[in-house]
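Database features (Swiss-Prot):
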type    : residues              : note
BINDING : 19-26, 81-85, 136-139 : GTP binding site
BINDING : Thr26                 : Mg(2+) binding site
DOMAIN  : 10-204                : domain 'tr-type G'
REGION  : 19-26                 : region 'G1'
REGION  : 60-64                 : region 'G2'
REGION  : 81-84                 : region 'G3'
REGION  : 136-139               : region 'G4'
Amino acid sequence: MGKEKFDRSKPHVNVGTIGHVDHGKTTLTAAISAVLAKSQGKAATKFDQIDGAPEERERGITIATAHIEYETDKRHYAHVDCPGHADYVKNMITGAAQMDGAILVVSATDGPMPQTREHILLSRQVGVPFIVVFMNKVDMVDDEELLELVEMEIRELLSEYDFPGDDLPVIQGSALGALNGEAKWEEKIMELMNAVDEYIPEPTRDTEKDFMMPVEDVFSITGRGTVATGRVERGVLKVNDEVEIVGLHEETKKSVCTGVEMFRKLLDYAEAGDNIGALLRGVSRDDIERGQVLAKPNTITPHKTFKAQVYILSKEEGGRHTPFFGNYRPQFYFRTTDVTGMCQLPEGTEMVMPGDNIELTVELIAPIALEKETRFSIREGGRTVGAGSVTEIVE
């Protein structure tokens, strides 16, 4: 069978299912695929294809995630679903699968459970901007009032974490019913996808954001100047654009990009995803180093102290075998370099166990170009022991 051509005419949006174990996230994922495929006369992704998720490595951490794709009339979706709770935590903290919005699955028979709360908190902390709710298993609840109560409880929980609980869409249905081809439940899946189409806005694409490139390597070309190489993380860099060199030193240097090279060819501009060399005017070989970033002026600043949501690897995952305490000093790996930092634990927390997910305050020994949602790994002697996402800049 020939490969289907990727349709670029429809806007592309990344979503994922979140929620408590056994509330039906994977069944819903399969149901969405089945119902949409049926409506378009295509083949669906089966439940066991999603459940037997392959393992991936992101920032030195192994995460099991299933990626499937489907489309509505308006959009093309990439959907991520994780088999285990720890996989969700790791996925969200490492940003392995960035979500433009999430579908929160809550069983009508249980209502919100501990992981429901944890996934909502994580969504808030790591910047999942929009949540649509699917109340699952409503075919197992006869009491209309009970359904109303559960919906109220979900909305209140979302509001507690600063999501617009009163206004966001809540669809009541049965994922299993839809998967089994029952028309009334299939209808609810279409209603859910309609809500996702309408409520989750199209994301700002990486090329539309402000230019930023982590510096991987630096070398000088006699008679031409200094070249910084790296992969453009976001935005566009045009020849003759002004740039700033940010991080590792208190003061930020300015320069002008006088040339952009890719695969030994000269370009007029580079955009997000390109691996390039940027020729910088008036910059000596010692003014710039790996670990800094090139950025559009006044868009990112160097910081030493921040709060972060982190996941600490369990012993089984190759992490630490013992807990750590306050004043723990590992290395924090940001983009292309390690910087030592000191950890402060939240008030009332004595120690952090391998396998924990917690908010830490970190003070680095050198400033790094940071902003909310910057991802990093935590390492000890080159071995990854955790991962995190910046939730707040302190100074």
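Positions of Cβ are set from backbone N, Cα and C atoms, glycine also.
Mapped onto this structure are the features recorded in Swiss-Prot.
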| residue | record | Cβ neighbours (10 Å) |
| --- | --- | --- |
| Gly19 | GTP binding site | 26 |
| Asp22 | GTP binding site | 13 |
| Lys25 | GTP binding site | 26 |
| Thr26 | Mg(2+) binding site | 21 |
| Cys82 | GTP binding site | 24 |
| His85 | GTP binding site | 16 |
| Val138 | GTP binding site | 23 |
Those binding-site residues of Cys82, His85, Val138 having Cα within 10 angstroms of the residue listed as 'Mg(2+) binding site': Cys82
Composition by DSSP (helix, strand, coil) of residues within the region 'G3' (81-84): 0 helix, 1 strand, 3 coil
Reported mean pLDDT - the region 'G3' (81-84): 81
Tally of DSSP helical, extended and coil residues in the region 'G4' (136-139): 2 helix, 1 strand, 1 coil
